[in-house]
């Protein structure tokens, strides 16, 4: 038996109701294109081949998906879902099974697709759902024994059929041999004059194939996106699910409705997240982490007992246990904070390591620097790392004291336990235990008369 699994993803729609120059499948949900959600799910279930059927904006779609290994097939005319799958037949293996998915139905889960595949015993399985309001959706017809006999589209349904509440999601797992057999025989003899993929169900029933049906765990798994309102609604449903998952793991949210998770977040115990916090990319939070209001954390690792005060931005940062950051701190890529460091108001760190117990508390920029343990940066102290062409490194030894409003002009090294006087511009290396002052002498003119304004 051939157990290979192919996915056919229909992604040719223009998405006119989006009022966008971008193809619909490139619209963003949780910081990721709709189509990318589907592709990531396919990767997680070890698909052997993925075929994407594209149409409007095909160049844009292909350029946006270069990180994936895909087979692209163009649908030049949009003549229905059956036609869309039919154009992929030349790329479809003759054996194995195929999942038929949609680029604008982004949230079907890997677990649901795995169950759908397992349910395909006789050649075809499908994802259905019983809903309160089935208007506009294809209805599932069953016989007295509960066997599926047909799918009837809304515009072709009788009054009795329109009363059926079990609907077709359009997501199937079908033996490739059946797709090769049935798709060439589809007809467009219907109200829409389109080639319905649903007609393969009728063909399978006529051949005596028992069609299996399963339901997803969540209704949003089969919800499609056609306009901005639906996109926003689906975003909120997805966010609620992600927040719920973290709550189960012990995270306390000040308001579960005012947080956005746009990636993967792993957590320890007793994490607290205040309002309007955004997580992007891969984020890990240790035990007893507190994140106050308005922070954005992207691709960062946060250790135990870290306190992040309001309105901080982290991007590719590693923060060790016991650190306190903010408010209004900006940690840029390749920032490493060691244990018990403290960053305060309006501090920016870029491509630098701040040693254990060091403090950069006020109005500072530290870039391309290696800062030792126990160092104190006074208010307004900065590293001058860029000469207009190249970046240069600043090294500060353990227990150094950098006075207020100091400029360290890289490349420069400050020795251990060195002291830099306030207001200095340091352009040369400073030895261990030395005091360096690089500023003009104070001049005082007694009885100074200010200039008077000319009349």
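From the backbone N, Cα and C atoms, a Cβ is placed for every residue, glycine too.
Owing to the predicted nature of the structure, the values given are computational and were not obtained by experimental measurement.
Positions annotated as region 'Pyrophosphorylase' by Swiss-Prot, on the basis of sequence analysis: 1-228.
Under DSSP, residue 80 (UDP-N-acetyl-alpha-D-glucosamine binding site) is assigned to coil, being neither helix nor strand in the three-state scheme. Here Swiss-Prot flags 10-13, 24, 75, 80-81, 102-104, 138, 153, 168, 226, 332, 350, 365, 376 as UDP-N-acetyl-alpha-D-glucosamine binding site.
Residue 226 (Mg(2+) binding site) falls outside any helix or strand according to DSSP and counts as coil. Among the features that Swiss-Prot reports, Mg(2+) binding site is placed at 104, 226.
The region 'Linker' annotation in Swiss-Prot covers 229-249.
When averaged over the region 'N-acetyltransferase' (250-455), pLDDT in the model lands at 98. According to Swiss-Prot, the feature region 'N-acetyltransferase' maps to 250-455.
According to Swiss-Prot, the active site, proton acceptor annotation covers 362, on the basis of sequence analysis. Just so you know, the Cβ of residue 362 (active site, proton acceptor) picks up 16 other Cβ atoms within 10 Å once every protein chain is counted. Residue 362 (active site, proton acceptor) carries a strand DSSP state (E or B).
Taken from Swiss-Prot, the feature acetyl-CoA binding site applies to 379, 385, 386, 422, 439, supported by sequence analysis. Long-range Cβ proximity for residue 379 (acetyl-CoA binding site), meaning a same-chain Cβ under 8 A and a gap of 6 or more residues, is found for 361, 362, 363, 364, 404, 405.
Sequence-remote contacts of a segment are chain residues at least 6 beyond its ends whose Cβ falls under 8 Å from one of its Cβ atoms, and for the region 'Linker' (229-249) they are 18, 27, 29-30, 106-107, 218, 220, 223, 256-257, 259-261, 265, 267.
Around residue 103 (UDP-N-acetyl-alpha-D-glucosamine binding site), the C-beta neighbours below 8 angstroms that are at least 6 residues distant in the chain are 9, 10, 11, 13, 24, 25, 34, 35, 38, 52. Here the binding-site residues are 10, 422; the one with the fewest Cβ atoms within 10 Å of its Cβ is 422. Under the DSSP three-state reduction, residue 10 (UDP-N-acetyl-alpha-D-glucosamine binding site) is assigned to strand. Of the listed binding-site residues 226, 385, the Cβ environment within 10 Å is emptiest of other Cβ atoms at 226. The acetyl-CoA site in the record is lined by 379, 385, 386, 422, 439, and its two most distant CA atoms lie 22 Å apart.
Of all the binding-site residues in the list 80, 332, 385, the shortest Cα-Cα distance to residue 104 (Mg(2+) binding site) is found for 80.
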